[in-house]
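Have a look at the structure below, then the notes.
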Amino acid sequence: MGIKTGADYINRIKSRKPEVWLGGRVIEDIHNEPIFKQPIQEIAKLYDIQHDPEYQDDITHICNETGERVNNAFLFPKTAEDLQKRSKLFEVYARMTYGLMGRTPDFLNVVITSMAHNSWFLDQYNKDWSKNIHDYYTYIRDNDLFLTHAIINPQNDRSKQSHEQKEIYTHLGTVEEKEEGILVRGAKMLATLAPITDEVIIYSFPGFLPGDERHAVAFALPIDTPGLRIICREPMQDGTRSIFDHPLASRYEEMDALLVFNDVLVPWDRVFLYNNVEAANRLYPMTGIAEQPAHQSGVRGYIKLAFAVEVACKVADSIGVDGFLHVQRDLGELVQSVEVIRSLLRVAEYEYAINEYGEARPNPDALETIRGFLPEMYPRAIEIIQTIGAGGLLMSPTEADFNNPELRVDIDKYYGGRSGVTAEERVRVFKLAWDLCGEAFGQRLLQYERYYTGDPVRKRAIYYNKYKKNKNKNVSMVDEVLNNPKHVAIDVVNQ
Ligand SMILES: Cc1cc2nc3c(=O)[nH]c(=O)nc-3n(C[C@H](O)[C@H](O)[C@H](O)COP(=O)(O)OP(=O)(O)OC[C@H]3O[C@@H](n4cnc5c(N)ncnc54)[C@H](O)[C@@H]3O)c2cc1C
Ligand SMILES: O=C(O)Cc1ccc(O)c(O)c1
């Protein structure tokens, strides 16, 4: 067992019956639901290219343990070469989806790999937990499964801890221990792509306090486990819009969902952490599940930013405005922002460190800096597309208009771009741009970039506080220039 095909993935979707709610109804046939059809095809492509000689060596390897070919997301990174192999996988998957799908299978498969690789951490608390994550890693690696995750509590009252919410099981928590496992109840968000995945893993960002014990759990389950209800947000498209009119929104929408656990049984062998506030708070910082997937996020974000920047340049060129100085200034800024992220990724990959457990981790400062700046650079790219495209972004005729011969003459005349750019060429670029910068689809992509890795405000504050702590340990240049006699300047004024 090892790499699977797109058809294998689609067959798994067909055989599962998760309880998915969308627009007030239960979706009986996920595979044939128009809203999910195209995204399923996009994920299937990622499975298929594992078998394509053009990509295979870049994104898969032979597993030492089984001798089977498996995806590079399952590699325990021990060397710089391993990090490069992973980076190549992230880049190939991101290029296939233009960085617009954030939670392709590589993301969570890297999370699971990282947890399993660092199972020494769980060992300190409970040997069963570390065995469970190892077995789970082997299971998803060998069956090449696709996961979603939900690590945030629903936004009820953020001024209170989980155990202080109005009702005790608003945030997901353990109800009781059973012979077969633990019974869990309550909700967790925001599970991207949940309806079209195989499994879900639950863990949490740190933030538990004493009293939150019942909420301090981590586990994984099949997505169609009885009692697990998936409530989808309103779709950004209806699944019937044409690729001509919505070249991106018609293909790359990632559904997001709230997960409600109605007394769901988690078998003991799927429990990775339970009833332990300290372990739950340390899981994220200690098991590499911040840095390793942040490498994926960084590469994917780089491709998405580069794509948006190319769209901005094409919009400007197609209507002949890129000769104006202020437009060149804005486009130059965007091209440089792509270079900043590309350079940070190189630092992350080349200035890696091997920890005492033999795991290679990309440079965390470079990754954290990407996390800090992408949520500013990507919205800026979108804003620049909006200001360069201006009114024209709203004025594109539809595919049906193009197909009507009575209108076509006017369309060809009045919708053409600068010399050499036909009406169809210009309109197609503008429709692409509108999907990114105007449509609800594009607004979600923006929101994703701001929040996929947590609240950017608190992330920056945490980073600053870490810097301050380390800075105090090192020699301060300011103290040195003021106090070190070797560096004190001769006081020429008073001499
Ligand atoms: C499109 C999209 C897809 C996502 N996909 C996933 C996914 O697949 N899986 C997953 O688990 N998560 C996913 N996330 C969720 C993501 O992890 C959260 O959005 C993120 O952690 C922020 O949490 P929140 O949205 O609950 O915002 P909140 O934490 O509620 O923040 C709301 C506002 O209040 C402020 N605030 C709240 N609490 C505090 C505090 N204690 N101190 C100071 N300020 C505070 C914040 O600064 C912010 O301005 C996704 C998010 C988006 C937007
Ligand atoms: O922080 C990152 O950039 C990567 C990331 C995002 C969301 C997660 O759930 C996670 O474990 C890691």
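Using N, Cα and C of the backbone, Cβ positions are placed for all residues, glycine too.
Just so you know, TrEMBL annotations are computer predictions that nobody has curated.
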Same-site residue for FAD (record: TrEMBL; known: His149, Ala150, Ile151, Gln155, Asn156, Asp157, Arg158, Asp455, Pro456, Val457, Arg458; options: Thr104, Thr113, Thr192): Thr192
Among Asn156, Arg158, Asp455, Val457, the binding-site residues whose C-beta sits under 6 Å from ligand 2: none
Cβ neighbour count within 10 Å of Arg158 (FAD binding site): 7
Candidate with sparsest Cβ neighbourhood (10 Å radius) among Ile151, Asn156, the listed binding-site residues: Asn156
